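Visitor: OK, TrEMBL features for this one:
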ACT_SITE  Cys289  active site, nucleophile
BINDING   13-18, Asp38, Arg43, 94-98, 135-136, Glu178, 289-292, Arg359  NAD(+) binding site
BINDING   174-178, 233-237, Arg273, 280-286, 351-352, Arg466  substrate binding site
DOMAIN    345-471  domain 'UDP-glucose/GDP-mannose dehydrogenase C-terminal'
Amino acid sequence: MFPTEIKKIACIGAGYVGGPTMAVIAQQCPHIQVTVVDINPQRIADWNDEDLSKLPVYEPGLPEVVAEARGRNLFFSTDVEGAIRESEMIFISVNTPTKTYGVGKGMAADLKYVELCARQIAEVATSNKIVVEKSTLPVRTAQAIRTILDSSSINGDTGASNKKAQFAVLSNPEFLAEGTAITDLLHADRVLIGSEDSEGGKQAEQALANIYANWIPREQIITTRIWSSELSKLTANAFLAQRISSINSISALCERTGADVDEVARAIGMDSRIGSKFLKSSVGFGGSCFQKDILNLVYLCRHFNLPEVADYWEQVVTLNDYQKHRFAKQIIDSLFNTVSGKKISFLGWAFKKDTNDTRESAAIYVADELLQDRAEIHVYDPKVKAEQIYADLEYLQANRRNTTQENGQLSSEEIRQLVNVHQSPFDATQNAHAIAVLTEWDEFKTYDWQKIYDGMLKPAFIFDGRNILDREALKAIGFELTSIGKG
Ligand SMILES: NC(=O)c1ccc[n+]([C@@H]2O[C@H](COP(=O)([O-])OP(=O)(O)OC[C@H]3O[C@@H](n4cnc5c(N)ncnc54)[C@H](O)[C@@H]3O)[C@@H](O)[C@H]2O)c1
Ligand SMILES: O=c1ccn([C@@H]2O[C@H](COP(=O)(O)OP(=O)(O)O[C@H]3O[C@H](CO)[C@@H](O)[C@H](O)[C@H]3O)[C@@H](O)[C@H]2O)c(=O)[nH]1
């Protein structure tokens, strides 16, 4: 029913996951034609740009992979229907953001883009297709996709079945982290494939496993029931984010007691049962996934009437909000209780280093709190464009998750008056009252900090939200330095 050796793949969604993932599949499998499609023509044009520095996703190593495969067996196109028709396997890699309206607002995943894909596949397909969920989805979404795929081949007027194609649905969640996407894809700890319990399901599972086996050892390709695979993705992100909230909670206690959170993290991380990764205390986790996926998990738990379990996981997000708020408040408190009219420089806007992605970046929330007190914010980020920064702040004004927040709204004009974006760290910090480090870009560690100090107003404050700067050296220069979790 389904071939186990695939020759043509389509991927719907040319974003942070679809683009890099398909580029690596194409690079590793020259015998497979891979077409990535998107409804956003600008995104596709950027993926096709001859100038590889214009790719829409900034990821170390990505331009090299695209250069090798693009035009050979990797194609980017806006022809969604054509790609669906041609291919034997279709990855759905569209965005699944938190709902901003209606039932489940602020908690549940918005599945409208995924649903649209399923409907389009059902409408267009004239031959059998293996449909792969690459997007992160609530447990049991595969059932909804199957229902759509199966029922849209029934004629709406007559009720007669005009089945042209049969479908298999697989869950194949992606575990890459931004900034290290290419390494993560090439050397994945594991590849997870969940399949339906049927002959077709097993054939489809085999077909997908055979693709990954071109570069991933077979023992690292694990197969599960489809619901387990869907739930494993949400659980993995919840566990990872929980570690960050756990160490961040301890950072607050360190500040009160004189302990040092980095020393505590090192001491506990050397216990092999705890492990040392994901224990870096920070201004709070950001990114498009952690908060969205935990809120989705919380929503599911409430839906299945598990309020204690829901409350447990929700606390991970609550603590993260607290950490961002704590950082902003510390800036205001240290600057004599007001930042009104004061110039605060932000080093970094991306949610982590080595990416141009800003979704849910802590910088957005810290900026928002300072803007409420009418600070003047001057941003420098090596990879984020000015328009993105304005768009992030405007989006936050329009879509506050916590509607009980007291903060007033700022108009686009006010945001543009109060926020300035610079091309150099020295311009951004000139005559500043304070610097806040929001992203852990490596270049921040290498600056001539004496020169920056000389250009600032005194006392010159630095708030290191990533604990990356050399504390002793900065203090020797004369900075008033505040780090996370250092009493
Ligand atoms: N970003 C990550 O690091 C990461 C990692 C693992 C999993 N995920 C999950 O992968 C999914 C995609 O995330 P992303 O970061 O790549 O999102 P993204 O917003 O960067 O990309 C999604 C793309 O899908 C396109 N799209 C939406 N609907 C479409 C349609 N009907 N037809 C064609 N194109 C359509 C959008 O235009 C957009 O370019 C999400 O479910 C996310 O949770 C993301
Ligand atoms: O010890 C740490 C580790 C991370 N972070 C922050 O946590 C956020 C997320 O970082 P990271 O997980 O490295 O990046 P993501 O790209 O969000 O990747 C996560 O989310 C993806 C989307 O689901 C998953 O595929 C990945 O496995 C998962 O790590 C960032 O703001 C980091 O700065 C910390 O504050 N301390």
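For all residues, glycine too, the Cβ spot is worked out from N, Cα and C.
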Visitor: Which recorded positions among Gly13, Tyr16, Gly284, Cys289, Gln291 have CB under 6 Å of ligand 2?
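Guide: Only Cys289 qualify.
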Visitor: What mean pLDDT score does the domain 'UDP-glucose/GDP-mannose dehydrogenase C-terminal' (345-471) have in the model?
Guide: 94
Visitor: Name the secondary structure element type, per DSSP in three states, that contains Gln291 (NAD(+) binding site).
Guide: helix
Visitor: Within the set Gly13, Tyr16, Asp38, Glu174, Ser281, Cys289, which recorded positions show a CB-to-ligand 1 distance under 6 A?
Guide: Gly13, Tyr16, Asp38, Glu174, Cys289
Visitor: When you rank Leu234, Asn237, Ser281, Cys289 by Cα distance to Tyr16 (NAD(+) binding site), which of the recorded positions ends up on top as the closest?
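Guide: Comparing Cα positions, the candidate nearest Tyr16 (NAD(+) binding site) turns out to be Cys289.
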Visitor: According to DSSP, which kind of secondary structure is Asn237 (substrate binding site) found in, if we only use helix, strand and coil?
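Guide: DSSP call for Asn237 (substrate binding site): helix.
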Visitor: Could you list the residues of the same chain, at least six apart in sequence, whose Cβ is under 8 A from the Cβ of Ala177 (substrate binding site)?
Guide: Asp184
Visitor: Quick check on the domain 'UDP-glucose/GDP-mannose dehydrogenase C-terminal' (345-471): DSSP residue counts for helix, strand, coil, in that order please.
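Guide: DSSP classes over the domain 'UDP-glucose/GDP-mannose dehydrogenase C-terminal' (345-471) add up to 49 helix, 19 strand, 59 coil.
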Visitor: Can you figure out which of Glu174, Leu234, Asn237, Cys289 (the recorded positions) comes closest in space to Gly13 (NAD(+) binding site), comparing Cα atoms?
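Guide: Going through Glu174, Leu234, Asn237, Cys289 one by one, the closest to Gly13 (NAD(+) binding site) is Glu174.
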Visitor: Counting distance between Cα atoms, which of the binding-site residues Asp38, Thr98, Ser281 is nearest the residue listed as 'active site, nucleophile'?
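Guide: Nearest in space to the residue listed as 'active site, nucleophile', counting only the binding-site residues, is Thr98.
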Visitor: So if I measure Cβ to Cβ from Leu234 (substrate binding site) and keep only same-chain residues at least 6 apart in sequence, which ones fall under 8 Å?
Guide: Thr136, Pro138, Val139, Asp293, Ile294, Asn296, Leu297, Leu300
Visitor: List only the single closest residue to Glu178 (NAD(+) binding site), chosen from the binding-site residues Asn237, Ser281, Gly284, Phe351 by CA-CA distance.
Guide: Phe351
